[in-house]
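**Student:** Got a structure here, written out as structure tokens. Questions coming.
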Amino acid sequence: MHSFSLLSAVLLLSPAFQALVAGSPLLSGRACNIDNPFLDRVQYANSGYAAKLEETISSFLAAGDTLNAAKTRTVQGVSTFLWISSFADITPFTKHLDEAIRTQRQPPNKKLIVPFVIYNLPDRDCSAKASDGELSIDNDGINKYKQFIDQIAAEINKAPFDRLDFAIVLEPDSLGNSVTNTESSPKCKIAAPGYLEGLSYAVKKLQQSNVALYIDAAHSNWLGWPDNLEPSAKLFKQVLDGAGPGAKIRGFATNVSNYNGYNPTTPDVIYGAGPDNPNWSELRFAKALAPYLEAEGLPAHFIIDQGRSGAQGIRLEGGHWCNIKDAGFGTRPTTDTGECIVDSLVWVKPGGESDGTSDSTAKRFDVNCISPDADVPAPEAGSWFNGFVERLVINANPPLEPTY
């Protein structure tokens, strides 16, 4: 006993042992990221998404494809983020919280973390038409947005929902547009101050101890270009400063609703022939952005959407984002990321909800949705796109295990 204890102490103090631990992604990740809000939590898998997948299961079965029907059943148990994109989404969101509480109370009584997205800034997604929202700056949008945030904050603070943990992604694409598109898009130039005010207000109102806030940081082929890193970090700092003294966030979300890989071994053609962008993966982007965040006093923690990133090398251009054909489900949500700065790989975008319509006569039509890379015909943004889901299942990487 005594000799073993002495030996253990010597090993623990030895530089060789410390180097070994430091070099181990699993050991170092656990040691350096012990406050990761996803650790030892079950990510809530909502029944609404599972119900939509029944159509996909039925279509596979109708074609006699029992294997892919069984793989789709596996997807029904995967956590995807809930999206609160309008005032009307708040009531169904509350029903999901009821479900989460019931699930948490059942054996083995594991603590749940409920992941969701807040996506309703006035004049949101200013550089694209497919995701136009209900609020506009010209129609008192900022004040209405603050009421929207107040309602969400009130819901998650109610008992018994205050017994849940929450991971919240704030306003995909908003700050990305503010960094890169205010000169090229008059709409974005007008929207940018409202984005900043609205996000600061959301951060200020969502400071509860059971809430982990992640500000959207676009993706590697957008803000990941070297010239965009420092301006991005400085803009993120403005959001936090606007939230007031003591306001905190957990970190940043990348690749939301996009298709980029986490840590591929070779660069996708969308990053240029060189590649022209040295940050040619989401992990490279996170590592490149981290020192700029830290220089601004911001936390360098990330969650990275891999919901539809299973297939790489399937796009002609990185600017193509709408319903990319031949896409596949990606790595399942996990905290086993191999990196201290990455809290979790997640599925933020529920695979199967359309990115936008291919109907050129529709009010929200965006030409990106008929690009050479787009899967057409496609329904309106947010509507179920069953053929697209079938292809996500078939092209999944890692392959999905069947559930019979």
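Glycine is no exception: its Cβ is also placed from the backbone N, Cα and C atoms.
Residues or ranges marked as signal peptide by TrEMBL: 1-23. According to TrEMBL, the active site annotation covers D125. What TrEMBL records for D173 is active site, proton donor.
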**Student:** How many whole Å apart are the CA atoms of the residue listed as 'active site, proton donor' and the residue listed as 'active site'?
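**Tutor:** So the alpha carbons of the residue listed as 'active site, proton donor' and the residue listed as 'active site' sit roughly 6 Å from each other.
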**Student:** At a 10 Å cut-off from the C-beta of D173 (active site, proton donor), count the other C-beta atoms across all protein chains.
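**Tutor:** Summing over all protein chains shown, D173 (active site, proton donor) has 25 other Cβ atoms within 10 Å.
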**Student:** Excluding near sequence neighbours, so keeping only residues 6 or more apart in the same chain, what lies with its CB under 8 A of the residue listed as 'active site'?
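**Tutor:** Expected: S131, D132, G133, P172, D173, S174, N177.
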